[in-house]
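> This is the feature table in TrEMBL:
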- 131-201: coiled coil (COILED)
- 195-230: domain 'EF-hand' (DOMAIN)
- 268-331: region 'Disordered' (REGION)
- 270-301: compositional bias 'Acidic residues' (COMPBIAS)
- 378-479: domain 'MRH' (DOMAIN)
Amino acid sequence: MLPGSLKFRAEIFRQFYEENKPFTCLDGSRTIPFDRVNDDYCDCRDGSDEPGTAACPNGSFHCTNAGFRPTFIPSSRINDGICDCCDTTDEYNSGAKCENTCKELGQKEHEVLQKMAEITKEGFLLKQQLIQEAKNRQQEKQSKLTELQNNKKELEEKVEALRTVKETAEQPEKEAKELHLKAWEEQKAIIRAEKDKAKMAEAFLELDDDADGFVAVAELQTHAELDTDADGTVSETEAQGLLGGVDHVDTASFEKVWDNIKDKYVSELADNDSEQYPSDDDVQEEEEEDEEEDDYPEEDFDKVRKSFLVQAPPTVKTPPKKDEDEEAMPPYDDETRVLIDAAQKARDNFEESERALNIEKEISFDFGPDSEFSYLYSQCYELTTSEYIYKLCPFNRVSQKPKYGGSETNLGTWGTWAGPEDNKYLLMKYEHGTGCWQGPNRSTTVKLTCGKETTVMSTSEPSRCEYLMEFTTPAVCQEPEAVISSLHGHDEF
């Protein structure tokens, strides 16, 4: 007999191989004497008589893998020079130098399973707490439901009154926020204008090569980046066009034609990534050289600066700093903050009363056999990726929003539990989201796994407009005995 021939651990197959009885092919095509099993000749069309040889091209070889997990591989892989079985039995006659790694693999898997058992144990304890808290909440909800049934009209009137209070409080809040934003936009516009004037002054000084107080056609022609017809050079006609049809401009006229130039113009002092910031000695040396070699007489230089009402550009590079336009909007003033707080309080009161009115709907949800999932209701959990912010609000909806601004996309609203028959609470289905362009409505399947934390672990789009989200929660943790028993499953190998 050949290695691995009858060492079957997979119970589903082992029952068909009894050494003292004739063997019937697993496809039922024929029956043969048992001594023809693993005789290196294929008798069965399905290859089931040769689980330990490569005789049947469509057969399977059983790797016993003592110390790890047994497995089956296609017979075509036997003696192909590649070690597939960790116990090396698939390469018994190929000459391949295989090492038995089953013990090491078994140890690693044991460590993983041990960690899983610890997580399951802690998660299961948390689940018991969730169940107890759910029972306490259920009593409270039933009490509120009774109150609702007896005073529904009064509660509805209270909700509408609080809605009015909320909307009344939100109006001045909205106006104050808009005023704050408008003031900030105006401030940013002033900052941009000041920066533009500074850049314009710097450009004039750099373009005026002969320091005669004018920027001329010939001086523009030395700046290839100002080329308008993409032929690589700035012609005389192009330069005159940039200067408004004249041969030269002074500071006042340059301000009028600046819009023609600024988008293409590259400052001679522009940062170069390959350059290093100068040391103090370099700065001092450069300043001394400037005093000796500056083309502009000092009085003319000051005259140009004052004509633009800005300071002259620095003579040395300074480390880059954050653009004022990119800074966050300043905090709201105290008066606006008071209005925001008042509106938020009105919103909270309204939402609380609305929840009380909707308690009947909440109680109707299937929160699991012991209401262990009820703690997820009215909660939302986010996952931020490189491009998007995903939000899961269990029993409500799933959404996606661009990380750097943009509108939110509905990836589905609560549908039903969609797990297998033995445990439907392993999958959530969210349907009827925003429609894809020339495609179906978006939908999301949420896969729930045991964990000590309640968090969205990952999200993907395996099919167009169909999303998959992995979500950990203690609510799906089972009693740890099943995991612990699997830890000892390797002992028999």
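Any Cβ shown, glycine's included, is placed from N, Cα and C.
Unlike curated records, TrEMBL annotations are generated automatically.
Can you tell me where each of these features sits in this structure?
In this model, the coiled coil (131-201) carries an average pLDDT of 84.
Here the domain 'EF-hand' (195-230) has, by DSSP, the following mix of helix, strand and coil residues: 20 helix, 2 strand, 14 coil.
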> What is the number of residues in the domain 'MRH' (378-479) that are helix, strand and coil, as DSSP sees it?
6 helix, 57 strand, 39 coil
